[in-house]
Amino acid sequence: MILSKPILLSAVQPSGNLTIGNYIGTMRHWSKMQNNYECLYCIADLHALTIQKNKIHLNKSILDTISFYLSCGVDPQKSIIFIQSHVYQHSQLNWILNCFSQFSELLRMTQFKIKSNCSKKINAALFNYPILMAADILLYQTNFVPVGQDQKQHVELTRNIAHRFNSLYGHVFTLPKPLITQHGSKIMSLLEPSKKMSKSDINKKNVIFLLDDIKTVISKIQNAYTDSETPSKIYYDIEKKPGISNLLEILSAITNKDIDILLKELEGMLYSEFKNIVADHLSKFLYKLQKSYNDYRNDEVYLKKIAYEGAMKSQLKSNKTLTKVYDKLGLIPLF
């Protein structure tokens, strides 16, 4: 008897150039995940509409994101890569789950609080964002969702909604679990290491973009915040050494070395020497990634073929869950 692999869903918004934080937090794990999980990789273009309405930019970003999936080792023969809006079941289940969600639950979502405090022009979709995320997850009977600490609350909300529905109608949804790595799941801003690195940061010197040219990467690392301790002391302590710790996280991820091993190699170095090492390794890493990315990105016919095949497979899987939901609620399916 062949045991089926647990199901894993990972989604990325096509809302602009991805960062080294995106890579270290999620993307670097994509290739290995295929060995242990049945993986679905989603380009969350509907989520992107909460903040982006530019047609040309969104269209380009969707194909960019598929290229990043492929360049990071996702194999379309092993996994499913699909565009969220191609699978209509996401929107259908989204509305149904809204009917089983509490207004007070959504008000407690930390990410919404942060974003609503930053702008008065908040649309309703941003408020309901976690419900669509729940639909994304529950449609595929997902067992695990790789997320950062900032998204963990959304997975917990998804579990609550699923449990609420199951309590009323019997077992329909699998309760998903967040998959969080110990190190590197949250890369911080280069100049302000007290806040998370974000591709939407106004100050681009805070962010390493995956498509930054090499000179820019070196400059950003060399100007990254460390501290004024004399003589230089390189050790890992997020509270006392946020800048140093952040650079150690980056170096550890791209070299595949434990931080403890790196600290022995870096012992006695000046901060400037440490930064040069980080910049050198990061530049070489990004050069290889960018070459692979560009090879895929230059073949849009292939990218659209991948998206089409992924949509067909995703619709078959998601429709099984949606049919169960319709049956439990007394809705009449089209077929």
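Just so it is clear, glycine is given a Cβ too, placed from its N, Cα and C backbone atoms.
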Looking at 14-22, 176-184, 239-247, which one does Swiss-Prot call motif ''HIGH' region'?
-> 14-22
Which of ILE161, ILE187, ILE208 shares the ATP site with GLN13, PRO14, SER15, GLY21, ASN22, GLY148, GLN149, ASP150, LYS196, MET197, SER198, LYS199, SER200 in Swiss-Prot? The record says ILE187
Against which stretches of its own chain does the motif ''HIGH' region' (14-22) lie, if we need a Cβ under 8 Å and a gap of at least six residues from its ends?
-> 43-45, 48, 51-52, 57-58, 61-62, 64-65, 68, 186-188, 196-200, 207-211, 250, 282, 286
Quick note, ASP136 (L-tryptophan binding site): same-chain residues at least 6 apart with CB under 8 Å of its CB -> LEU9, ALA11, CYS42, ALA44, GLN84, HIS90
Using a 10 angstroms cut-off on Cβ to Cβ distances, just flag whichever of GLN13, SER15, ASN22, GLN149 is the loneliest among these binding-site residues.
-> GLN149
